[in-house]
Amino acid sequence: MDVRRRPVTKTLTAGEPLKSQNQHSSSLKASDALPLPLYLTNGLFFTMFFSVMYFLLHRWREKIRNSVPLHVVTLSELAALVLLVASVIYLLGFFGIGFVQSLIRPSPDSWDILEDDNAILEEDSRCEPCAAAIDCSLPPNLKIARMVPQKHKSAFADVVEEQKQSASATIIDEDEEIINAVVAGTTPSYSLESKLGDCLKAAAIRREALQRITGKSLDGLPLDGFDYESILGQCCEMPVGYVQVPVGIAGPLLLNETEYSVPMATTEGCLVASTNRGCKAIYASGGATSVLLKDGMTRAPVVRFGSAKRAAELKFFLEDPMNFETLALVFNKSSRFGRLQGIKCAIAGKNLYMRFTCSTGDAMGMNMVSKGVQNVLDFLQNDFPDMDVMGISGNYCSDKKPAAVNWIEGRGKSVVCEAIIKEEVVKKVLKTNVAALVELNMLKNLAGSAVAGALGGFNAHASNIVSAVYVAAGQDPAQNIESSHCITMMEAVNDGKDLHISVTMPSIEVGTVGGGTQLASQSACLNLLGVKGASKESPGPNSRLLASIVAGSVLAGELSLMSALAAGQLVKSHMKFNRSSKDVSKLSS
């Protein structure tokens, strides 16, 4: 295994002239010419720079206030300017030259590198890039072999082989040391990426340590073939591998006169096939149409006052149209795309819940709206100093949980999608009839859901399609809860011959930038739908189109499942496509 190496000295035999060269080169330093120790000299010039800068800015402000010409300079100001220039020259000379030299390096002869121990140590101690291959055939210090001219390759081969064998033993030993440290608890597992500088190596070491601690094998969990650098600090902490979920394609879905191939990541048999059948029925009937009703993400902080009267005063202030422009100005400065749309308040005793709604461009927008809300809370603190902010989220938002406020007011994208399915398509493709579908929809999705006390669940299986598309497209799977709020309506039209079907989904929460959308697999699925990344024309159309595609896919899934139920095909199809025959055979044996 490849690990981050310490400066390798064991690969060089003792007594070689490299050591003497290293000692000679390090005997004299530029800092030896300074009258004070290096840290004191640096501290002195830093203090001088900031002190003189503060003095000059203070004098400049006084001159502007007193209408004194800026070119009139006193003796103290002249001395301050001289000290400022001197400190700038020193700091640039001390820090700037070294930085420039690190960017523009000469190309030394390859044989000079072989005779320079410092060059070998510098290359060997350099951190390998994140997600580099975990099995490395050559250690970093052997990369210099590539720079050796062809005529010297034979003379260099023996040195390469000797160093390779020595380094391999060191790598294994260091890997074992790190694993033992993680198992013993002396090295925190979460710090491996920062300590090693190699995300793939960190995942491999963490994985091995976990297996030793638990005594359980992770052989079936893949490790290689994933870009762990892409999730660092963004998608997942302390990774030990990745889970594989198959992706199927349903479609083409003909929506708003455009065809889409819908990626669905699922482990449920029949789901993709059923949705695909619904897409076929919609396509054969002329396609579906969707309309975006609302587009606004919400966040609702909770604050507390000493009395209900004070809480009501803030409520009236926030809901007063005269104050909206000021609040929007404060809110909008947190982002180029976040624009405040409205504030709705609710009181519970002396506690006030403020539900902010804002547009978020092509992002799902939770972080964006949270930053804007924080700006408004800081602003309100000036006029309401007795306001005690209890939490940036008070569950009046409401995120990742079923809530009537989302069902009624909406959250994210509110979409309605409809289609008229022709009578012959219902019979030939869906294997049922219009009257049976309409009656079953009333009994199951409307009356049955009401009997169950459903909240936003007036549908057959909207969450099945939403979850599958969300996983494939890099959305937050937990937001499937409110995103699956859906009411499915069916009605006989054209003298009872054709079927009008619609789905109304008030809180589809999607984005095409940020989060899991930047991962390679999920990005490819978004690209398939034509909604990858942010729109170049204006903020928002990609995420709104993705929400419409989700609603159209749900429409297809609802149509197919309800037809299977009406025709009595559900059990038969699941026994054929959704059984684990391998597990059954094992149990029978």
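Even glycines carry a Cβ here, placed using N, Cα and C.
If you compare N256, N578 in Swiss-Prot, the N-linked glycosylation site annotation sits on N256. Ranking the recorded positions N256, E268, D476 by the distance of their Cα atoms from the Cα of K400 (active site, charge relay system) places D476 first. Residues of the same chain that sit 6 or more residues outside the topological domain 'Cytoplasmic' (57-79) yet have a Cβ under 8 Å from a Cβ within it are not found. According to DSSP, the topological domain 'Cytoplasmic' (57-79) comprises 15 helix, 0 strand, 8 coil.
Counting only the Cα atoms, the space from E268 (active site, charge relay system) to D476 (active site, charge relay system) is about 19 angstrom.
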